[in-house]
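Enquirer: Please see the structure below; I have some questions.
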Amino acid sequence: MHGTDSSSDTPGQPAPSRAELLSAHAEGSISEDTILKTARDRAVDIGVGAVTPAVGALLSMLAKLSGGKAVAEVGTGAGVSGLWLLSGMSDDGVLTTIDIEPEHLRVAKQAFTEAGIGPSRTRLISGRAQEVLTRLADDSYDLVFVDADPIDQPDYVVEGVRLLRSGGVIVVHRAALGGRAGDPAARDAEVTAVREAARLIAEDERLTPALVPLGDGVLAAVRD
């Protein structure tokens, strides 16, 4: 029939927004190898989240741009983000990854081994990130990736920035909580913490930040 709206294939369902279409295109443009797909399946099996393929590709690019000799990760999960980070790091780069769950570290180690990554290139640490980070050296890391409980994001940002060398990059995943952080009516503890982390980054004159609308939001900032 002439004049009908064909923007939605499902009657009664709203057409995807431009933002949704862009996100779907970004995710669909990235392919993952068998090792990454297996690690992603294991993440589902153990009930832990994993970065999307597009976020992973962004991590790989940022790791390469930063030099990728020394990278710290808060929240190992099943090793999906670690695999992406390592793919962009230098051949002799070392990934230090922290998780409070030994099972997560075990599964991630399996993924790294399957990818042919030697044990000298990863340092897996079990413990509370707030405590472990304080033991890492100042001004020594090219990139710090935060992908853990949003409630603790402000603490991780403070410690993460301390670890960065000049030109290093801090990357915070779940920085928009899928858009909730931008909703003025949302004031729960997670949203409050994420906003505080963003404020800390925005007000730090040493940092140049950008919020990237991939996954649940990625906030990245480079240190002067």
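Just so you know, glycine gets a Cβ as well, placed from its N, Cα and C.
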Enquirer: For the S-adenosyl-L-methionine site that Swiss-Prot describes with Val51, Glu73, Gly75, Thr76, Ser81, Asp99, Ile100, which of these is also annotated: Asp139, Asp142, Asp149?
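Expert: S-adenosyl-L-methionine site check in Swiss-Prot: besides Val51, Glu73, Gly75, Thr76, Ser81, Asp99, Ile100, the record includes Asp149 out of Asp139, Asp142, Asp149.
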Enquirer: How many neighbouring Cβ atoms, not counting its own, are there within 10 Å of the Cβ of Glu73 (S-adenosyl-L-methionine binding site)?
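Expert: Cβ-Cβ neighbours of Glu73 (S-adenosyl-L-methionine binding site) within 10 Å number 28.
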Enquirer: Please list, in sequence order, the residues in the chain of Thr76 (S-adenosyl-L-methionine binding site) that are at least six apart in sequence and whose C-beta is under 8 Å away from its C-beta.
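Expert: In sequence order, Gly82, Thr97, Ile98, Asp99, His104, Leu105, Ala108, Leu124 meet the Cβ cut-off.
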Enquirer: Counting all other Cβ atoms within 10 Å across every protein chain shown, which of the binding-site residues Val51, Ile100 scores highest?
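Expert: The residue with the densest Cβ neighbourhood is Val51.
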Enquirer: Sort out the sequence-distant neighbours of Asp147 (substrate binding site) for me: same chain, 6+ apart, CB within less than 8 Å of its CB, listed by position.
Expert: Gly49, Val51, Glu73, Val74, Gly75, Gly77, Ser81, His173, Arg174
Enquirer: Looking only at Val51, Glu73, Gly75, Thr76, Ser81, Asp99, Ile100, Asp149, the residues listed as binding S-adenosyl-L-methionine, what is the longest Cα to Cα distance in Å?
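Expert: Pairwise Cα check on Val51, Glu73, Gly75, Thr76, Ser81, Asp99, Ile100, Asp149 gives a maximum of 18 Å.
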